[in-house]
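Structure first, then comments.
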Amino acid sequence: MPETQLNVRIAFVGGGNMARSLIGGLVRQGMAPSLIAVAEPNAELREALSRDFGVGVHAEGAAAAAGAAVILLAVKPQVMRTVCESLQPAVQAQAPLLISIAAGIRIDQLEHWCGGSVAVVRSMPNTPALVGAGASGLCANAQVSAVQRGQAETILGAAGLAVWIDEEAQMDVVTALSGSGPAYFFLLVEALEDAAVAQGLPRDAARALATQTALGAGRMLREDGEAPAVLRQRVTSPGGTTQAALDSFAASGLRETVARAVAAATERGRELAAKSEG
Ligand SMILES: NC(=O)C1=CN([C@@H]2O[C@H](COP(=O)(O)OP(=O)(O)OC[C@H]3O[C@@H](n4cnc5c(N)ncnc54)[C@H](O)[C@@H]3O)[C@@H](O)[C@H]2O)C=CC1
Ligand SMILES: O=C(O)[C@@H]1CCC=N1
């Protein structure tokens, strides 16, 4: 990754699922594992990260953060305040770029918990990052330099697509769309599988066909370049089977149902942020 090659020290605080997927992406893209340090209290996870990627592992956040130009916070929102407070001396001494991937934790909270002025990128990735097909929204505060923006983009981009969001308030919408979004598509595949079984198809065949249809539709959305509505129209022969299904979706208010679900998820993100006030 020439322009995107990272040659600065990165500390991951939290070595769970999301951290693992981001670390895997960086190492696959050629980043030297010796530049990556991970703090993870769970010894089994620590050993697995060391064995699988050759990264440095520590039990404590402060040990991993020592000398890091980028500190990526990959812990659950509930422990974020304690973790930031423990990192305060390192953050104040080293002035690193701080990247948080925690749902619902705001930039001003992170600044406050880390002891004041600090460059922060708030990000919302999603679980397809585990297979290199993630989608992340990124939002930076004013202290983040152009170089640091590039670093954040490289780290999140190593696991898929990274999109900058200007207004932090919109990060709750990103969470509701792409953060939670994989679950919506999984639900649709579940429902399609069950529906096909109800119509007489064996379950194995129903799951295989529903899964591959989701993959095929996703790849066409990315690779064809046409708008989703155009791709949909191309499948829909007048008076045919697709039209019958789409008419039924419309009669059930599918678009309104989706709009209500995304509104509920956005609102929940706001509530979670309010709960973690401090
Ligand atoms: N799972 C998802 O779909 C998404 C999750 N996120 C966010 O990513 C963050 C991490 O989520 P996951 O990786 O799914 O969770 P996870 O539970 O797999 O990983 C969190 C890790 O943090 C470790 N940890 C706990 N206390 C610690 C401390 N004091 N210092 C260092 N490490 C500590 C835990 O042992 C655990 O391994 C969360 O804030 C979540 O909101 C963001 C986007 C999507
Ligand atoms: O459901 C949640 O709250 C988290 C945020 C995005 C995906 N999982």
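The backbone N, Cα and C atoms fix where each Cβ goes, glycine too.
Remember, it's a predicted structure, so these values are computed and weren't measured experimentally.
Copied over from TrEMBL, here are the features:
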BINDING   Ala74, Val75, Lys76, Pro77  NADP(+) binding site
DOMAIN    9-104  domain 'Pyrroline-5-carboxylate reductase catalytic N-terminal'
DOMAIN    168-272  domain 'Pyrroline-5-carboxylate reductase dimerisation'
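Overlay of TrEMBL annotations on the structure.
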| residue | record | Cβ neighbours (10 Å) |
| --- | --- | --- |
| Ala74 | NADP(+) binding site | 25 |
| Val75 | NADP(+) binding site | 25 |
| Lys76 | NADP(+) binding site | 12 |
| Pro77 | NADP(+) binding site | 18 |
- line: Averaged over the domain 'Pyrroline-5-carboxylate reductase catalytic N-terminal' (9-104), the pLDDT of the predicted model comes to 96
Message: I want to verify one value. Collapsing DSSP to three states, which class is Pro77 (NADP(+) binding site)?
response: helix
Task: Run through the domain 'Pyrroline-5-carboxylate reductase dimerisation' (168-272) and tell me, per DSSP, how many residues are helix, strand and coil.
output: 89 helix, 0 strand, 16 coil
Message: What is the set of residues, excluding Ala74, Val75, Lys76, Pro77, whose C-beta falls within 8 angstroms of the centroid of the C-beta atoms at the NADP(+) site?
response: Gly14, Gly16, Leu73, Gln78, Val79, Met80, Val83, Ile101, Ala102
